[in-house]
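Over in Swiss-Prot, the protein carries these features:
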- 5: phenylalanine amide (MOD_RES)
C-alpha cells in the first residue's frame, strides 16, 4: 500500500 492510500 502506498503512503497516500
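Glycine is no exception: its Cβ is also placed from the backbone N, Cα and C atoms.
What you are looking at is a predicted structure, and each value in this text was computed from that prediction instead of being measured.
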Worksheet, complete the sentence: Counting every protein chain shown, other Cβ atoms within 10 Å of the Cβ of residue 5 (phenylalanine amide) number 4
Item to complete: Based on DSSP, name the secondary structure state of the residue listed as 'phenylalanine amide': helix, strand or coil.
Response: coil
